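Some notes on the structure that comes next.
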Ligand SMILES: Nc1nc2c(ncn2[C@@H]2O[C@H](COP(=O)(O)OP(=O)(O)OP(=O)(O)O)[C@@H](O)[C@H]2O)c(=O)[nH]1
Ligand SMILES: [Mg+2]
C-alpha cells in the first residue's frame, strides 16, 4: 500500500470509525455481514417496508414525490435539469452556468432567477423515468426564501440533499436537514461537483454522519478528483460508470465488471487511481454500513452518490436510487384524521400559490399535492375552508417549462389549479369530508419596509399588485390606518428585490422600497369590543393585512410588552395561521 497524503488523517478516521462502526452495526444493521449483493437488490423493487399497510394500487406505488434541497449554489437547479433530460421531458438541458440571457433553465422561470442565476422560488415538475412517475420540486437554497422551501417539504415524501464536494455540509444544508428530520423524511444524498477539486471521500461521509447524525452508506465511490475525476465505482451493482468530459449531456459509459479483482478494471482505470480506489472501496465496505432500505425509509440512513450534475454524471444512478429506495406516497397528517394515499376519495392540499408564472397564462396557480385517490379532470371538489364546491376543470401538470392539461392525477402527484384567488396556502380540497391538512409553516415577517409607486397616479395599481403577492404568500402587506402607502413585511432582504422586480415585470410598475418607521408587526385577535377599544386608542400603530385583519405595528419591543400587559383580553401573534 503506497502511503498517500491523506493517509494519516484516514488512519485516524479508521480508528474512530471502528469504534463507532461497531456500535452502528448493532444498532441499525443486522444485515451488515451478509454479502452486499444479497442485501441491496438494486434495480428491482425488493423493498420490504415491514408495515401492515395494504399494498398501494400500482399507479400510486410508482410515484416518487421529492424535493431537492441544499445550501445555495450546490447545483440543485442543474441537477433538476439533468433529471428532466433523463426523464425524456426535454431534449437538451439548459445551461445553468451561463448567466444573463443565455441562461434558460426550466425550473428557474422568473426573470430575476434567469438574470442572477439563483433560484428564488420553488418549482414543480412531473416526468416519467422507467416505470416510475417522478414529481420533483426544485427549491431555492438562499435562506431569504426558506419559507417557500419549508412549505415544499410538507408536500413531498422524500428529499434529495445536494452537497458541494468541495464544501461539505454547509449551514443551510444543516438547517434544511433538521426540518426533514422533524418530518421523518427519507433523504438521499448527491455529492456534486466532483469534477472540481473536492474533499477526501471518507471525510465528506464522516462530516455528514457527524454533523447530521445520520448513517451514510456509499452507493457509489468516486475515482479520482478534480481534473483526475474519471467516474465512479457503483457499490451497489459492482460496475464502473465512466464520465464523458467531452459531451456534457451524454449518458455515462457503463462497464460491467466482476468484483474488485476483475482485470478489466485495470483496462479502464489508470494505475495510480486504481490502487487508491481498491484500497478505499475495501475500507468502505469494511467500515461503512451496508445499504438498508428500511433504515433509508425511516430516515436513519442516507445513501450517497457522487457525481457531477453539470456533466450529467451520476444522475441516472441517483434516479435509479430514488426509484428503488425512495418512498411511495405516504399518509398525510390532517385533522381530525390522517389521510391514506389509497383511500378511494380524492383529497389534496395547497402548499404554494404563484401568480403570473408564465407570461402566456396570466393567472394564479395553486400547487396542490394530491393526498389520496384518483382525481379526474372536471371533478367537483369541496373547498374545505369556505365549504364551497369547486369544479376543477383545467388542472395542469408542470412539464419542464410548459404546462399540460392534467386529465388525471393520483395520490402523490403535484398538480396546478389555476384560480382567481380562492385557493390559498394551507387549503384542503376533498370530496366533501371536512379534513384539514395541517403543519404548513408560516414565518413571522422580520423586515418591514414602506413601498411607493414611482408614479403616484399608479397607487391603485400598486395596491392590486401587493394584494396579489400577499395572497400568494410571497410577502405580508399592511395598510396603515393613518396616512397613505403600504408596509411590506418579509423574512429576508432579498425578497424585497424579488418583489420590486416582479411588480415591475408583471405589472409594469416601477416601485421604491424605503425605510419604514415600524420594525415589528403583530396580529391582534380578541373580542370585537376589546379590539375596537384597542384600535381607537392606538390609531397610529394600527394597520390591516390583505384579509382586513388587524395588525399592531411598532418599532419597540417595549410597546408589544405594554400592549400584552394592558390588554389581557387580546392575543398578539407574530404569525398568522394560514388556514382559518
Ligand atoms: N464544476 C461544476 N459546476 C457545477 C456543477 N453543477 C452545477 N455547477 C455550477 O454551480 C452553479 C450553481 O448551480 P445551480 O444549479 O444554479 O445551483 P442551485 O443549488 O440551484 O442554486 P440556488 O437555487 O440559487 O440555491 C452554476 O454555475 C452551475 O453551473 C458540477 O457538477 N460541476
Ligand atoms: Mg437553483
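Glycine residues also receive a Cβ, built from the backbone N, Cα and C atoms like all the rest.
What TrEMBL records for this protein:
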BINDING   70-77, 138-142, 192-195  GTP binding site
DOMAIN    61-330  domain 'Tr-type G'
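Less than 6 Å separates the Cβ from ligand 2 in the case of 76, drawn from the binding-site residues 70, 73, 76, 139, 194 in sequence order. Ligand 1 lies within reach of 73, 76 from the binding-site residues 73, 76, 139, 194, judged by a C-beta closer than 6 angstroms to any of its atoms.
There are 19 other CB atoms within 10 A of the CB of residue 73 (GTP binding site), with all protein chains counted. The binding-site residues considered are 76, 139, 142, 194; of these, 142 has the fewest other C-beta atoms within 10 angstroms of its C-beta. Mapped onto three states, the DSSP output places residue 76 (GTP binding site) in helix. The Cβ neighbour count for residue 70 (GTP binding site), using a 10 Å radius over every protein chain in view, is 28.
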